[in-house]
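Taking it in order: structure first as structure tokens, then the write-up.
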Amino acid sequence: MHLLFSLLLGFLALAAVSATRLIESKALTICQDSQNFTATYFNVVFTPDNRTLAFSFDGVATISGLVTADLILSVYGYSTPKKTIDPCKIDKMKGFCPMSAGPIDLPTSAIAIGEDVVKQIPGIAYTVPDLDATVRIYINSTETKQSITCVEARLSNDRTVYQAGVGWSTAVISGLGFAASALTSTRGHSNAAAHLAGNTLALFSLVQSQAMFGMLAVHMPPIVQAWTQNFQWSMGVIHVNVVQDIATWYQRATGGSPAMLLLELSTTSVNVLRKRSADPDPPRNVIVRGISRVGLKAAIEQTNLFLTSIIIFTFFALVVLVVVGATKLVCTVLAKQGRIASSPGWALFVAEWDVVARGILYRLMFVGFAPLSIFCLWEWTQHDSPAEIVVAAVVFATVLGALGWAAVRILLRMQRSTSMHRNPAYVLYADAACLNRWGFLYVQYRATAAEFVLVAIGYLLVKALFISLAQSAPIVQTVALLVLEGLMLIGVSVMRPWMDKRTNAFNIAIAALNFLNAIFLLFFSGVFDQPGIVSGVMGVCYFVLNAALTLVLMLLVIVASVWAVVSKSPDTHYKPMQDDRGSFIHSQVRLGTELDELGAAARGEMSMISHPVKS
């Protein structure tokens, strides 16, 4: 078995590529159903600057007799010609002719690599992130010519597009965009607030769609896996130690059996994972894909994913509501001091803060509808514990029922406004309670297309159904999403439901990119049996296109947020809405102000009657 390890080390040296000028492999998988080889630890690091190959390895082999080895290197789907090595024909490998069975225990060691070998490494391989390269070694019996065992090592150059800064920047910019929109609205600039909210929601929907694509049970190129992992925060997949402790405790307390894959990985670097400890079957290879793969990359146990998403969403909702309550108290104090009397928007917020709070809950449910639906439906297939299944059913029914009820109410009010006022925007924007409670669902659309919110909710629901319930059928997932994204692209291109041309253009671009991503994922699923190099190139294209549009939308939200906050008249930056929503909102504010003045005048008259002036 020493031959197997020696060949792997040698091939790593030949194929070594690195980010900080290194190449490493910590994952050794068995690629053939055989009990002839078992690995418990594997770690190899090649540093070309000092031409050193450091390695350590533990395992057991039952191979004996004369053998040969076939080595195959695969880089971005392109496989090099097979190279066969016979240890009996190489002087330095005479010790492996023949092979003998027994344990293999190699402590951390280092060997020098010749400069001629280092020069064979392509320079570009040191800079390409998420290197898609593997080394596969087949050990064959010389006597029978049959393969005895097969091992595969995935190579990494320590460069990756999975960066904490990407996730944090998109999260912060999205949050600031929503906050700036709310602040602009309270200042009375409804047009700018609506545009900013629409642009921020477009960015957030793009981020979520990329995260959802990453949850598909399709074998994706490493660069696609890494890029989509950046946005899993938008699905509530955020590793927090205390949240993991709570999720594990709750599962055990309700009769579940927590998974231990991460615990095993903490003591072994080999990608030979066991099933749950409650399973009486012997150890076997476990393929982690789809939602489970996302959790593993985020250092979250598969059995904790559902509760993690629920806890993160609940915590965020509570924080937002606490901020709203604190803002109301501050505004009340400032109003008594006369500091915000000139701002009708703040006055309305103080007067109807409870309605605003309910509206914020609807906003949170809308942005959290996709992750909550996916994880609640997925939990029904996992059965982590009876109590978690009940929680999933309650949460899913509550969120879907609330959003569905709100969408129906919006549609009914739109129809009533059309029949009574011949303008669907009148009731939707003149009614302060309707606007504050459900406005977030329809302000980004034209008043005549406000019913598109039903399409948006239905689109997310169908997407969640296939992502969560079809994890065992990746081809079904990709075909269904291809059809869904195609229909969505056609629908938004024909209807153009958003408020203006620019917002329509960005959202149509997002729909087109989602459709293109679905095509890429269909190829990744292997349904066309295309050459591996095609998938590798498509993976790079996927990253470039998604990164470009994400960057454009981030810059747009930043500029719009800054303009809305620092400008005295941000509404002048945008054209007035053709549905006259601005006039209805202003009439609502004027009416409230006039009523306040009338009340004050009435109180003044009553004061004069009660206390007549003495002559």
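Glycine too: its Cβ is placed from the backbone N, Cα and C atoms.
TrEMBL annotations: computationally assigned, not manually curated.
Model, not experiment: these values are computed from the prediction.
Here is what TrEMBL says about this protein:
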- 1-19: signal peptide (SIGNAL)
- 21-162: domain 'ML-like' (DOMAIN)
- 305-330: transmembrane segment (TRANSMEM)
- 360-381: transmembrane segment (TRANSMEM)
- 387-412: transmembrane segment (TRANSMEM)
- 447-469: transmembrane segment (TRANSMEM)
- 475-494: transmembrane segment (TRANSMEM)
- 506-527: transmembrane segment (TRANSMEM)
- 533-566: transmembrane segment (TRANSMEM)
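The transmembrane segment (475-494) shares more Cβ pairs under 8 Å with 506-527 than with any other stretch in the list 305-330, 360-381, 447-469, 506-527.
Taking residue pairs at least 6 apart in sequence, the transmembrane segment (447-469) and the transmembrane segment (305-330) share fewer than three C-beta contacts under 8 angstroms. Panel annotation: around the transmembrane segment (447-469), residues 212, 215-216, 291, 369-370, 373-378, 380-381, 400, 403-404, 407, 410-411, 414, 423-425, 428-429, 441, 476-477, 480-481, 484, 488, 491, 495-498, 579, 581 of the same chain, lying at least six beyond its termini, place a Cβ under 8 Å from a Cβ of the stretch.
Long-range contacts of the transmembrane segment (506-527) within the same chain: residues 199, 202, 205-206, 209-210, 213, 216, 218-221, 224, 474-475, 478-479, 481-482, 484-486, 488-489, 492-493, 496, 498, 534-535, 538-539, 541-542, 545-546, 549, 553, 556, each at least 6 residues beyond the stretch ends and with a Cβ under 8 Å from a Cβ of the stretch. This prediction places the mean pLDDT of the domain 'ML-like' (21-162) at 75.
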